[in-house]
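A.B. asks: Positions annotated as active site, proton donor by Swiss-Prot: 351. If you look up Swiss-Prot, you'll see 382, 510 marked as active site, on the strength of sequence analysis.
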């Protein structure tokens with residue numbers, strides 16, 4: 001057993017998990033439960049009253065957090081200590097949304113001035129493009145942005161841009177390319193005019209395979225459509241640490257934006273990686289996005305554990321994963337603009353906490369990161385909600401909804417909200433056999449069939465959920481929401497004593513993929529690998545099954 005699972009608090013939580021009353025009973029015996037188990041911060045309200053939790057549960061979870069030195073670990077992250085120990089890096093995505101008055105030291109120097117300088121450079125660039133001052137090679141203004149990246153440099157900008165669609169500049173469109181599948185970029189290029197298209201290439205090394213391949217294809221398309229190599233600088237910019245490679249490609253050094261080692265890819269949308277967002281919504285709104293995240297940073301850093309929104313959410317998720325064997329967690333967004341958030345939170349959580357050894361290399365003997373999945377309401381109610389209500393697996397849920405819609409048409413939003421709240425109520429209370437049978441009382445069915453149908457209509461309830469509300473989806477509330485989930489992820493990793501900021505699981509597949517690519521291009525069939533890999537490679541080489 002690890003020190004964590006040997007601890008008296010862990011053992012107490014394990015025993016306590018078997019004795020928590022059904023949520024029906026918890027609500028029936030405490031009319032003030034919502035008031036006691038809800039919290040507002042940074043423009044968000046968290047209702048966590050529909051959880052399998054009592055005051056004793058929360059006390060034990062907060063004790064577990066304290067005994068795991070959570071507060072010290074939070075301070076260490078914000079102070080720029082090397083908490084990504086396997087890569088020997090600080091973790092300072094929070095510095096990207098700091099104020100100009102702050103001082104944050106990394107590697108012996110204050111990084112805030114460089115962050116502010118980059119924001120100011122972004123401001124000038126955005127102004128140049130959106131005003132029409134930036135011209136393409138034929139003198140036309142830019143109408144289309146193509147953002148080329150992978151992982152965090154793709155998903156963050158795409159999902160945030162999608163979420164903030166009401167704030168877009170109507171003169172610009174943005175297209176996101178990540179997958180190395182040629183179909184992805186080909187379908188995008190079919191829509192574009194090379195004279196009015198600007199490509200943003202985002203890669204720390206300027207050598208990420210998928211991103212470089214797509215960028216080279218974009219340049220070939222641009223040149224084939226009439227552009228010259230000398231025109232590349234008017235249509236390509238880069239976010240990278242490798243200035244030399246970018247300038248060799250043809251990008252003007254003045255149009256290269258920096259990346260830093262102390263920012264991980266899945267936390268990078270707040271940096272110049274967010275340039276596509278800034279172009280679409282403007283720098284004032286981009287700064288509001290940063291401000292919302294900064295407010296959540298301040299809350300996370302300073303609120304006591306018992307009143308700390310990311311801490312509470314992280315602890316409750318850990319509670320179900322480690323003591324109720326919950327293997328997945330569903331995120332349900334009751335706002336069409338937020339439909340991409342489950343995929344973003346999936347990457348954030350699963351790449352961060354999909355680990356199986358502690359910081360000192362000990363194998364864990366407890367579950368770590370769950371599968372994160374989800375979708376938008378009300379679509380999911382006609383699909384996977386059936387599993388949530390009557391399936392055998394316990395799947396905690398987060399419901400996210402703005403109280404006000406950007407598109408208040410008729411009763412649409414009233415119906416959306418009623419479905420959201422109704423789902424959380426149904427998950428909590430369920431339906432007993434007697435209730436189901438009573439609903440069939442006036443049916444003409446025979447008594448035996450009523451009994452049978454009633455059994456099929458039983459829902460156990462006691463299915464946990466959080467509800468997150470905001471007045472309206474704005475850049476600020478979106479920033480706070482994303483930062484909330486970042487810090488929630490950190491809380492779990494800190495208690496599990498794992499490194500939430502590396503991703504070695506990504507590397508092996510990449511390395512083997514490069515080896516396979518060489519074998520695909522060889523002059524002879526492959527016979528050097530395992531039988532399955534040999535067969536698959538050779539089938540691909542011959543182009544048919």
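Glycine is treated like the rest: Cβ placed from N, Cα and C.
Fair warning: this is a prediction, and the values are worked out from it, not measured in the lab.
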A.B. asks: Cα-Cα, whole number of Å: residue 510 (active site) versus the residue listed as 'active site, proton donor'?
C.D. replies: 15
A.B. asks: Can you tell me how many other Cβ atoms are located within 10 Å of the Cβ belonging to residue 510 (active site)?
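C.D. replies: Counting Cβ neighbours of residue 510 (active site) within 10 Å gives 11.
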A.B. asks: What number of additional C-beta atoms lies within 10 angstroms of the C-beta atom of residue 382 (active site)?
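C.D. replies: Looking across every protein chain shown, the total is 8.
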A.B. asks: Using Cβ-Cβ distances, find the residues under 8 Å from residue 351 (active site, proton donor) that belong to the same chain and are at least 6 apart in sequence, listing them in sequence order.
C.D. replies: 266, 503, 506
